[in-house]
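Participant: Just passing along the structure, written as structure tokens.
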Amino acid sequence: MGNLFGHKRWYEVRDKKDFKIKRKVKVKRNYDGNKYILNINENNNKEKIDNNKFIRKYINYKKNDNILKEFTRKFHAGNILFKLKGKEGIIRIENNDDFLETEEVVLYIEAYGKSEKLKALGITKKKIIDEAIRQGITKDDKKIEIKRQENEEEIEIDIRDEYTNKTLNDCSIILRIIENDELETKKSIYEIFKNINMSLYKIIEKIIENETEKVFENRYYEEHLREKLLKDDKIDVILTNFMEIREKIKSNLEILGFVKFYLNVGGDKKKSKNKKMLVEKILNINVDLTVEDIADFVIKELEFWNITKRIEKVKKVNNEFLEKRRNRTYIKSYVLLDKHEKFKIERENKKDKIVKFFVENIKNNSIKEKIEKILAEFKIDELIKKLEKELKKGNCDTEIFGIFKKHYKVNFDSKKFSKKSDEEKELYKIIYRYLKGRIEKILVNEQKVRLKKMEKIEIEKILNESILSEKILKRVKQYTLEHIMYLGKLRHNDIDMTTVNTDDFSRLHAKEELDLELITFFASTNMELNKIFSRENINNDENIDFFGGDREKNYVLDKKILNSKIKIIRDLDFIDNKNNITNNFIRKFTKIGTNERNRILHAISKERDLQGTQDDYNKVINIIQNLKISDEEVSKALNLDVVFKDKKNIITKINDIKISEENNNDIKYLPSFSKVLPEILNLYRNNPKNEPFDTIETEKIVLNALIYVNKELYKKLILEDDLEENESKNIFLQELKKTLGNIDEIDENIIENYYKNAQISASKGNNKAIKKYQKKVIECYIGYLRKNYEELFDFSDFKMNIQEIKKQIKDINDNKTYERITVKTSDKTIVINDDFEYIISIFALLNSNAVINKIRNRFFATSVWLNTSEYQNIIDILDEIMQLNTLRNECITENWNLNLEEFIQKMKEIEKDFDDFKIQTKKEIFNNYYEDIKNNILTEFKDDINGCDVLEKKLEKIVIFDDETKFEIDKKSNILQDEQRKLSNINKKDLKKKVDQYIKDKDQEIKSKILCRIIFNSDFLKKYKKEIDNLIEDMESENENKFQEIYYPKERKNELYIYKKNLFLNIGNPNFDKIYGLISNDIKMADAKFLFNIDGKNIRKNKISEIDAILKNLNDKLNGYSKEYKEKYIKKLKENDDFFAKNIQNKNYKSFEKDYNRVSEYKKIRDLVEFNYLNKIESYLIDINWKLAIQMARFERDMHYIVNGLRELGIIKLSGYNTGISRAYPKRNGSDGFYTTTAYYKFFDEESYKKFEKICYGFGIDLSENSEINKPENESIRNYISHFYIVRNPFADYSIAEQIDRVSNLLSYSTRYNNSTYASVFEVFKKDVNLDYDELKKKFKLIGNNDILERLMKPKKVSVLELESYNSDYIKNLIIELLTKIENTNDTL
């Protein structure tokens, strides 16, 4: 239940000797009895106390007005802000006379820089300064003699100057003699310190002591405290004092250190961030400081030190009996037992009876009449008048709750009420509690009025009787449904109702969230399989449900679709060489998939009856291993040889890092590489030695290589082995642990603990907690790279232009003996242990990285949530597959130098030869390519004429294969004696080695062609060329050839010269034309010439990095400051040219803004012509469908809970189960007994099902024949979303916005899902636009609301300057078009 004491962390307990001690504790509920546990943080001891004792202490804490006592205990005029000294014997400074005289504090000598030997002798600075004053030391003196003790010999101490470094064995110190002017300035500043401290202390003390005002008895005491502070004249005097200090600093910057010292924010002692921020503001003389800043400091500082709290108002009672009764009432009202604990205590509880009564009345539509009748008794009009009267008096705090309670006392205390049934009493209570919430709304609105966020409180609108009736009806329905679903959840998940507790529900909640995404993963894979297979003899695109009722129906490989996943399907033995579907697919794969899906939906926890064999698992493992791209292939694809030609030493250094899998545990708590990447790129971009490259393509080549190397380096540094021989080495993980722990000693669990604390903090509403943790890790990592791998980011020696790069790439590729520069990657062993890992691995092979990453992250989140390693193996498999997919897409670069026409022809030939994607064995390669291999062997041994004569005729008889992979050289068995003699000069081992090498070369060539076949396709290439040609040729005369330099430079016309990967990788998408249609016109209209004119080249080479650096530095400078402070700073930047020039190192804001706008225009055009938005749109479609599919899975799960809950209450009867069906509710199929055959649950009879259907309808769930979820395939919202039609065929007949509305409407039965559909979908866009979260909380529909999308989304603002992101307005309009586009068609989906 958390810490009831708010900021209070200390609690009084008894030690073993029964002495009262104070310990730092956390309070939590203990479920094995009616007790709370105090977790003592220091040593994890526990002490149990009973409820009443704990609650009594809590109530005393809330009632006890000890604020003044706490304030005076922790603060006095000597420490409230500046750390000042008091006279001897004065512990607390409360008056001006208590301060030590300024002359005794600010001395004309300063001492610092003590040597280590002097520290060891224990001679203090004070002793040295006192002796120096006594001896009259001047700046000309070089030594001073001091006795440690009276009877000891004098020690001679050298007086160094500040430019001389101390040594290990010297006995020295720096003594600085302060000049008179500086000394007087410091004394005057010290007097100001005293004035500020005394004024602050007296203001706060006065407010706390004020009995009349009683600030801390107000609900919003912070606001009242702020008002009181700002009204006090002394706060203006304090501000004036601060300005005096600033003026003195401005005239002499050496004074800054003196002020900092007395502000005392350094050191190891506890300091608030609030104080540190105020100190920064005080010392930053270029920024305005206001009285509001001072008031905010006081409020937050008192809160930080646990001084302020709201004091409970307690009516004074003279009668002892009444006082005891009142205290008992308090105790009862504060005992907040866990709701699951309540459920156990009252399991035979009357709530079941109440809920059954509500269900019957909801079903009969009589509940609304009952609510309206009770509401009429509550006399709302009278209450409104009483409340308005009280508000006119200025009372808008807990007093209005008193009016409310008094108004309804007659209803709840009367004998008439006590005679009502439990069901009626509960209905009264629900209404009462709802109205109490409306009173709370009045209080919230009053605060908004006071803060000028609202004009006035509209009580009549808040307490409108007709609106109240509708809202209370929803509340009653929700109350009823919650209990039904609560019971159903326990029953469905087979949880023991007598022992259930919060830990059970925490585990269950984690599992539920994983299950929802797994069901969505099944749906996504079903879509991918529908791209490969189609129904036999049916000429439409009707969906096949491979993991449901369709899995054994007739379907065939779709010959119309050329899909790279066919190779995977064939290697899994799901189709044979004639492309017929095998039993392995129907009887095994889909059966296992169906079983696993049903296990999830039916919450089956018993051990799996495994259907798959180790041979099945090995097929998947072999596919993953065969798809792996070697380090050499990666090097070739990413041109590491060219980019890191002069950096072999740094690559060797990276390869020499020894890794340990023991560090794997820390990986999951660290930021992903994508989070670190922007800062890594900044290391490259901000390196002053690096000059701009000649073309965008050159920079892309360098950056792609740099990103890959850094990705591998990041993994290696995390996994670096902490061996004994590495003790002297600066290992990153050790550095990070020291940084997080802020000490030299290493806490081995610090990373895990830091991460989990950030997660806990985020769950409590601190949205920045995780980002703050990630930032700290990233800063440490970037610092580590700067110290140890700076050379990696220095490309000052890289002088090649794009032509030279391509020539070198060709030369290296043509050189067969060239030893490539590679980054050695660890070769993980893939293991599949059961059917679940088998099915998920295949799903991952069939899906894109965008989908795999979602389910991978959910497995990871569940692992952390439940603190389990159960899913670690599947996470490793998914990571491996994503890595393969990423690297495979990079293999396009080697084809840059091919003529497009030639390349298309080449692909046609490859398609003929490698239509089945079959990987051949060594024996098959030798037999199939015998002539090629033989010719290579003859060339190798050409000097031996006699031997070559035999090899040409008899090589196939000399090479003897034992099996498909092993062979031997036999020069005797199958050839004549004379031939044996001729072969005598050819070494047997050499011949075997050469044959094996040429088989491997041929194998590599075959794999390369197959890989090329998988990635490229002649049809795709032709379409690619067509789209590029359309852009170049379809131009008006004034725009003619504006795309020439981007796509086909004149001197290399018709070549795949500048490869647009974004276009190519999307062109094979069945929906390419639809997606491209959204942006094609914008690309045509783009001013592409701007990218290559003088202005554009200057922007690319200079302005982009300059603007990015300015924005980053500004963000770093203002990081951690309050919003108000940032606004003041930015306002001054925009209005004051001198201030802007001084802080930003640019002319003025207007010139900066002009440069920013030009850079933005350049980036926008660049993104268009590079086809970047194709990926974004495709990603949007996947993400939207994924989010909506999760909502549909949520609905399906809830239906299971509702059926089980109604059965648990005895409202409906069931007669058994259909184990092969997943859905919870029946579907009409024309048969009389559909309610027993079409759902997982068999309803007892038709009457029982009709009752269930009517109850569901009462809650807002329509299961009728023509309802949303029971419509035909192309109309049912359930099928449309679950079958991923938004991705498969977007915009057809429906807009996406309409489908979002339909899903939201379907889930409207539960107020828990209020607007959750909209909120989850719009989260997809949050990286690209700013979302109005207040608008998202309101009720709305997307269809029929013309301006709702404009209100929900605003262009993204970047940096603290609040500049509009370069493409945010364009993306916002693109999103609106994406959501609202509709293509009316008569075709079926």
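The backbone N, Cα and C atoms fix where each Cβ goes, glycine too.
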Participant: For the annotation region 'Binds crRNA' in Swiss-Prot, which listed range does it cover: 1311-1316, 1323-1328?
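Facilitator: Matching range for region 'Binds crRNA': 1311-1316.
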Participant: Pick from 432-436, 1292-1296, 1372-1376: which range does Swiss-Prot record as region 'Binds crRNA'?
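Facilitator: Range annotated as region 'Binds crRNA' by Swiss-Prot: 432-436.
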Participant: Are there any residues at least 6 positions away along the chain from Arg438 (active site, for pre-crRNA processing) with a Cβ closer than 8 Å to its Cβ? List them or say none.
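Facilitator: Expected: Ile462, Leu463, Leu468.
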Participant: Cα distance, Lys441 (active site, for pre-crRNA processing) to Lys489 (crRNA binding site), nearest Å?
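Facilitator: So the Cα of Lys441 (active site, for pre-crRNA processing) lies 33 Å away from that of Lys489 (crRNA binding site).
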Participant: Could you give the Cα-Cα distance between Trp865 (crRNA binding site) and Lys441 (active site, for pre-crRNA processing), in whole Å?
Facilitator: 35
Participant: Please work out the number of neighbouring Cβ atoms within 10 Å of the Cβ of Lys441 (active site, for pre-crRNA processing), leaving out its own Cβ.
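Facilitator: Neighbour count, Cβ to Cβ under the 10 Å cut-off: 14.
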Participant: Tally the residues of the region 'HEPN-like fold 1-II' (829-899) by DSSP class, grouping H, G and I as helix, E and B as strand, and everything else as coil.
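Facilitator: Helix (H, G, I), strand (E, B), coil: 54 helix, 1 strand, 16 coil.
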Participant: Any idea what DSSP makes of Arg219 (crRNA binding site), helix, strand or coil?
Facilitator: coil
Participant: Given a 10 Å Cβ-Cβ cut-off, pick out the one of the binding-site residues Arg219, Lys489 that has the most other Cβ atoms nearby.
Facilitator: Lys489
Participant: Tell me the Cα distance separating Arg219 (crRNA binding site) from Lys441 (active site, for pre-crRNA processing), rounded to the nearest angstrom.
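Facilitator: The Cα atom of Lys441 (active site, for pre-crRNA processing) is 13 Å away from the Cα atom of Arg219 (crRNA binding site).
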Participant: Identify, in sequence order, the residues in the chain of Gln759 (crRNA binding site) that are 6 or more apart from it along the sequence and have a CB within less than 8 Å of its CB; answer 'none' if there are none.
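Facilitator: Ala769, Ile770, Val864 - these are the non-local Cβ neighbours of Gln759 (crRNA binding site), listed in sequence order.
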Participant: Pull the DSSP breakdown for the region 'HEPN-like fold 2' (1170-1290) and write it out as helix, strand, coil residue counts.
Facilitator: 67 helix, 7 strand, 47 coil
Participant: What is the number of other Cβ atoms found within 10 Å of the Cβ of Trp865 (crRNA binding site)?
Facilitator: 17
